[in-house]
Amino acid sequence: MARKLAAGNWKMNGVKASLGEATALAEMFPAPKVDILLCPPATLVAPMAQALFGTQVHVGGQDCHMKTSGAHTGDISAEMLLDAGADHVILGHSERRADHGETDQMVAEKTVAATQAGLSPVVCVGETLAQREAGETLAVIRQQLSGSLPDVVDLKKLVIAYEPVWAIGTGKIPTLEQIAEVHDDMRATLVARYGDGAKDIPLLYGGSVKPSNAAEIFATSNVDGALVGGASLKAADFSGIVKALEAA
Ligand SMILES: O=C[C@H](O)COP(=O)(O)O
């Protein structure tokens, strides 16, 4: 069975004072029944890891370079994230793909770099509204999975997040049937490529997840958790989502 994971992506939000939200969350879940992950901006990875040391809340980055070191101004390597106390990294988020021109090939190389460093990559895929309306959703997701994942990958570390671009930060979510259709298809696609080990890859849903809709999303076929943006910034909101996953 896939591990259950409630992951928070703070995106470009948060300053040192925001670490209080992370420690408050850890205090609410001293012995969580699911994995909890917070991915703050790069400036907060090390201080958050220090603040959460000894707790059950994991820390992750939001991106890493495919190289281990070198002349790449402004970038950060997977080893640096590990060194700072992270154990996960989000890769190929649609905002990285749109803002920084990240391609499937680049995401695949970053996935290799992350797993070689010992990090768990959370690889994101998702269709645009135009692609959904054109009936291309499953084809787009299959293509992104195919291109964004290397042929050889540590299945025990890999996490996949399905995030419809049109559901991110909009308050709109697909129907539960649409989520199930994509998640079931992702599972079948991954098992066909990697074998039975892929049955245990956590498949997260992301896009406007809130405490109020989390339970029904977590009850959906092949949904093993969530990648949460806005509702992960406050411990009070994120705790409702974590509790819903614990109860699922
Ligand atoms: O990585 C998180 C997603 O982009 C979802 O963001 P959101 O929960 O604010 O819609």
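Yeah, the Cβs are placed from backbone N, Cα and C, and that goes for glycine too.
Positions annotated as active site, electrophile by TrEMBL: His93. His93 (active site, electrophile) has a Cβ environment of 28 other Cβ atoms inside 10 Å.
Secondary structure at Glu163 (active site, proton acceptor), as computed by DSSP, is coil. Of all Cβ atoms in the shown protein chains, 25 besides its own fall within 10 Å of the Cβ of Glu163 (active site, proton acceptor). Annotation comment: TrEMBL describes Glu163 as active site, proton acceptor.
The Cβ neighbour count for Asn9 (substrate binding site), using a 10 Å radius and every protein chain shown, is 26. As annotated by TrEMBL, substrate binding site applies to Asn9, Trp10, Lys11, Gly169, Ser208, Gly229, Gly230.
Taking the C-alpha positions, the distance from Ser208 (substrate binding site) to Glu163 (active site, proton acceptor) comes to 9 Å. Maximum C-alpha to C-alpha distance over the listed substrate-binding residues Asn9, Trp10, Lys11, Gly169, Ser208, Gly229, Gly230 is 14 Å. Recorded residues His93 (active site, electrophile) and Glu163 (active site, proton acceptor) have their alpha carbons 8 Å apart, per Cα-Cα distance. Secondary structure at Gly169 (substrate binding site), as computed by DSSP, is coil. Ranking the binding-site residues Gly169, Gly229, Gly230 by how many other Cβ atoms lie within 10 angstroms of each Cβ puts Gly169 at the bottom. In sequence order, Pro41, Gln62, Glu95, Gly229 are the residues near Lys11 (substrate binding site), counting only same-chain partners six or more apart with C-beta under 8 A.
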